[in-house]
Amino acid sequence: MDAHEDYVWPRATSELILLPVTGLECVGERLLAGEGPDVLVYTLDFGGHLRMMKRVQNLLGHYLIHGFRVRPEPNGDLDSEVMVAAFGSKGLRIVKISWGQGRFRELWRSGLWNMSDWIWDARWLEGNIALALGHNSVVLYDPVVGCSLQDVPCTDRCTLSSACLIGDTWKELTVVAGAVSNQLLVWYPAAALTDDKPVVPDRRVSGHVGVIFSMSYLESKGLLATASEDRSVRIWKVGDLRVPGGRVQNIGHCFGHSARVWQVKLLENYLISAGEDCVCLVWSHEGEILQAFRGHQGRGIRALAAHERQAWVITGGDDSGIRLWHLVGRGHPGSGVFALSFKSHSRPGVLKAVTLAGSWRVLAVTDAGALYLYDLEVKCWEQLLEDKRFQSYCLLEAAPGPEGFGLCALANGEGRVKVVPINTPTAAVDLTLFPGKVHSLSWALRGYEELLLLASGPGGVVACLEISAAPSGKAIFVKERCRYLLPPSKQRWHTCSAFLPPGDFLVCGDRRGSVLLYPSRPDLLKDLGVVSKVGAITSAPGAGSGEGEPSLAEWGPMSTLPSLHGKQGVTSVTCHGGYVYTTGRDGSYYQLFVRGGQLQPVLRQKPCRGMNWVAGVRMVADGNMVILGFHANEFVVWSPRSHEKLHIINCGGGHRSWAFSDTEAAMAFAYLKDGDVMLYRALGGCTRPHVILRESLHGREITCVKRVGSITLGPESGVPSFLQPDHLEPGEPVEPGSEGPGLIDIVITCSEDTTVCVLALPTATGSAHALTAVCNHISSVRAVAVWGVGTPGGPQDPQPGLTAHVVSAGGRAEMHCFTIMVTPDPSPPSRLACHVMHLSSHRLDEYWDRQRHRHRMIKVDPETRYMSLAVCELDRPGLGPLVAAACSDGAVRLFLLQDSGRRLQLLAETSHHKRCVLKVHAFTHEAPNRRRRLFLCSAATDGSLAFWDLTTMLDQDSPALEAAADLGLPFQLGSPCLTVQAHSCGVNSLHTLPTREGHLVASGSEDGSLHVFVLAVEMPELEEAVGGAELLPQLQVLEEYSVPCAHAAHVTGLKILSRSLMVSASIDQRLTFWRLGHGEPTFMNSTVYHVADVADMDCWPVSPEFGHRCALGGQGLEVYNWYD
């Protein structure tokens, strides 16, 4: 551990933070957002949208910003210059800003004033500022000099949970304090006869049964709103609070939140509340819920602001997201459910089915065989035709397209299908396709060129009809093109179909949950070279499309994914962007693609919680995707991007006839209820006119951070070049992304919210872009491991981008393996696109159920958690990498990845530690003229480290590989090569670095200590081997040092950067650098970061001009950089 050169002390600077948004304030046409100690400034552009203007870093030091107060100007002009007080915790700072003409300049900044108590509210009073402190006192402060002018306490020196200051002068200043006794205390600081003499409360207001977290006063109407822990919002009639002795009356008690209410704001016509349930509710002053905004994830909405003139509501959440919502009248017009009044004496029969032809025409059929049309422009019902052959049992489907192409199809229980032109129903065409019941109908449309109708009959036969129109447009031609045969099942009919571009294939879903691939034209099979894979069976006589017509061959599927969506069936198939999206009643939707005429699953995703019936997928105008489905008795349109329920219709559930249509002009949903047709229609289509000012990261704590690699983008990717500093005027703002492409680091984070997120972190802009999220886990994700990092196309044909294999693991002993491919894409703001392919998954309890010898095994506790992962890449050809997992049940398990990650199986295990294993770390040892040795280090809650030699276990004749081939009991690793008692309690961080002497090993513990030692690997001489047997290497500790009080809390991150430098991170929120090489590690310097409860850290070198980067994950994400 000798240092050969003096090391320059690194100075870490914060480059990026993604923390809960705790403060929001609208100032004229600008928005101020507080994120940690930083301020984000947004400005309103000419298009009426907010855009990012500036980030002011570290304004409040080590305090979190909880609020802003703007000093009112005599002329009311806040568009050019403004004086802002930012406060939070015990800190206060005043800053004067110039932001006119789109340029941001900081003119003056006061010192950071530290108060003696928590600041709950602040208010400007004639150049000074009044502060309401945490134990029911008020301080009048001079922000320029930085001194207290007056300090007046209340006689009730209780702890406050909130406070509100009212008034413009010291004489009329009123304090409304929310005490821990659940009361509101109203008192007047100016009533104090002398300074520091307590003031008796003027009024005490009771009503809530929990502490009060927020309050808002509307002076024009004399109303006060309070939000409480009891999940309610109360409205009080208080009159002018600046006048003592007034009467307080509770005029509203609003229940609508399912958890604690954090924030409340009173407007002239609305009351806005937001809480721990991640819902923002808009109320009338009478207590009626007018709107509900859902989209944030995690533990709630922490900040709330409103812009009355623009009719905006802005929310900031624990998920680091900022969202802008439109109030009623500006946001979501034309929505609502209304009955179409079908019941009439002139329309006999009972409605059996309903469908939509576009978004403004409704079709319905009765049990009398009558087909009716309702035009939303004419607003009346019209009978198109009546056919007694379609009474009792009748199917109805309208052709897809903006206005349904003016076609619909009927089918009955006798094998008859009728294709009806809606505008000329007398030109309907009848066909008898089957000798029995038609089970289902579906349409398949290829642009405006080809339209097919598929009908399922008895025996799994699907007739494919080609529909074309006459040149006059008044007649249609229907021709049976071919027949398909479904795989055998109990309920043997198809449920949906779609063309796969460019149109050579049809993708179908069936009732047993399978996804099938058929040729759209059987005569194309010869050109595709897949004739031998598809069987053709001649149909039985009499099963043709008409009397005397020749029988058609029934073509089997080219590719099948059996029971992909379980036993409830596939509900929709959609093709977009080269992928196939399927949905089902198993509560999931799949992304598939076709390669070589075969269907291959890419990714399985789940929509919002509780949507067990996923009905469809739609691509909207902005390029995003929305999911349709049923959540209990409600039909829901859900956005995966914003995690928001865009539309909610209480229809009674999906076990009824319903139809959905979406165009850019409007969205429509029709369903049958109480013998009538109900229609929900919303102008503007599926989308909602709200703005995501900043994307969410994770809804819960980040548990692991792992850097994958880096990508360099240039002008060919549509990214502008670097701007030289002399091209910018002093103080000119730099747009995010305009600093140039530079280097972009790809980082993977996982969280307690069960998601794995892929982030792009540009080195030049100090921003973060969420590329994609993987939501396959059913419980929290605790660890991520990466291997096989490369470029698209492989070494032979490298292309711009990055590819990698990823393994994620966490709660419920669940592990998933997938690949990511990040490629340049000029469309999104990140200039990158990320494609994910799920390869395999593994759960210990499911693995146990499949074993033949499970009676000889102890069933694994289903609550077992994987705490840490390590990938051991092998040099043996034909054998995939090993994944080592630290398990909470005291075991260390080794999994073998085969077939490029598509097979994941348990290979070996050991229960040496007999207690929860917290960390695993793999490293290799290479000696001259010797084989490469693979070692694994594991650490447990007793502070011990165990070292295992995995090389011998992976030999050609190893019993571990024989057990893997036999899929029997996992191989037992036995005893470790070396055990080191490094700490007195759990080891939360572990890292190694190869040196000339062996390996430098460092660990950090829950007691805040560090342990560093040199591990020597002694290889036996070749002459010592007798009879060709290989002698095992000997491990021993050469030097060993400990730092007992390196941190004040758990050390959760540790990285040996070089032989002379180490960096550690702890829950005490300090990033500390240590000098190695001179005995005990020596403290160099420390930087305070703002992420609370840090769970993991990753560091990597970037380049000589950018130095090192370090990502810290906990309750948020923060990225630091330093230069060597």
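Think of each number as a place in line: the chain as shown, counted from 1.
Glycine too: its Cβ is placed from the backbone N, Cα and C atoms.
As annotated by Swiss-Prot, N-acetylmethionine applies to MET1.
Here Swiss-Prot flags 53-97 as repeat 'WD 1'. Residue counts of the repeat 'WD 1' (53-97) by helix, strand and coil are 0 helix, 23 strand, 22 coil (DSSP-based).
Swiss-Prot lists 147-189 with the feature repeat 'WD 3'. Nonlocal intrachain contacts for the repeat 'WD 3' (147-189), taken as residues 6+ away from its ends with a CB within less than 8 angstroms of a stretch CB, comprise 72, 120-123, 125-126, 128, 130, 132, 134-141, 195-206, 208-217, 219, 224, 226, 228, 241-242, 244.
What Swiss-Prot records for 200-238 is repeat 'WD 4'. Across the repeat 'WD 4' (200-238), DSSP classifies residues as 0 helix, 22 strand, 17 coil.
Sequence-distant contacts of the repeat 'WD 5' (247-285) (same chain, at least 6 residues past either end, Cβ-Cβ under 8 Å): 203, 205, 207, 210, 213-218, 220-221, 223-229, 231-239, 291-306, 308, 313, 315, 317, 325, 327-328, 699. Here Swiss-Prot flags 247-285 as repeat 'WD 5'.
Within the same chain, residues 18-26, 31, 33-35, 40, 44, 48, 50, 256, 259-260, 262-265, 267-268, 270, 272, 274-283, 639, 642-645, 689-700, 753, 1116-1117 sit at least 6 positions outside the repeat 'WD 6' (289-327) and bring their C-beta atoms closer than 8 Å to a C-beta of that stretch. For 289-327, the entry in Swiss-Prot reads repeat 'WD 6'.
Residues or ranges marked as repeat 'WD 7' in Swiss-Prot: 335-376. Under 8 Å from some Cβ of the repeat 'WD 7' (335-376) lie the Cβ atoms of residues 382-392, 394-399, 401-404, 406, 408, 410, 420, 422, 425, 647, 649-650, 657-663, 665-668, 670-672, 675-683, all in the same chain and six or more residues away from its ends.
Long-range Cβ contacts of the repeat 'WD 8' (381-422) within its own chain (Cβ-Cβ under 8 Å, at least 6 residues beyond either end) map to 340, 342, 344, 347, 349, 352-358, 360-361, 363-375, 428-438, 440-443, 445, 451, 453, 455, 457, 463, 465, 467, 474-476, 478, 657, 659, 661, 663. The repeat 'WD 8' feature in Swiss-Prot is assigned to 381-422.
Residues or ranges marked as repeat 'WD 12' by Swiss-Prot: 602-640. Within the repeat 'WD 12' (602-640), the DSSP-based counts of helix, strand and coil residues read 0 helix, 24 strand, 15 coil.
The feature repeat 'WD 13' is assigned by Swiss-Prot to 643-682. In the repeat 'WD 13' (643-682), the DSSP tally of helix, strand and coil residues is 0 helix, 27 strand, 13 coil.
Residues annotated as repeat 'WD 15' in Swiss-Prot: 852-897.
Across the repeat 'WD 17' (974-1015), the prediction's mean pLDDT works out to 94. Summarising the annotation, Swiss-Prot assigns repeat 'WD 17' to 974-1015.
For 1039-1076, the entry in Swiss-Prot reads repeat 'WD 18'. Residues 1, 3, 5, 7, 9-10, 12, 982, 988-993, 995, 1000, 1002-1014, 1082-1099, 1108, 1110, 1112, 1114, 1120 of the same chain, all 6+ positions outside the repeat 'WD 18' (1039-1076), place their C-beta atoms under 8 angstroms from a C-beta of that stretch.
Remote same-chain partners of the repeat 'WD 1' (53-97), defined as residues 6 or more beyond its termini with a Cβ less than 8 Å from a stretch Cβ, comprise 14, 19, 22-23, 25, 27-30, 32, 34-43, 104-119, 121-124, 127, 129, 131, 141, 143-144, 168, 733, 766, 1088, 1090. Helix, strand and coil counts under DSSP for the repeat 'WD 7' (335-376) come to 0 helix, 23 strand, 19 coil.
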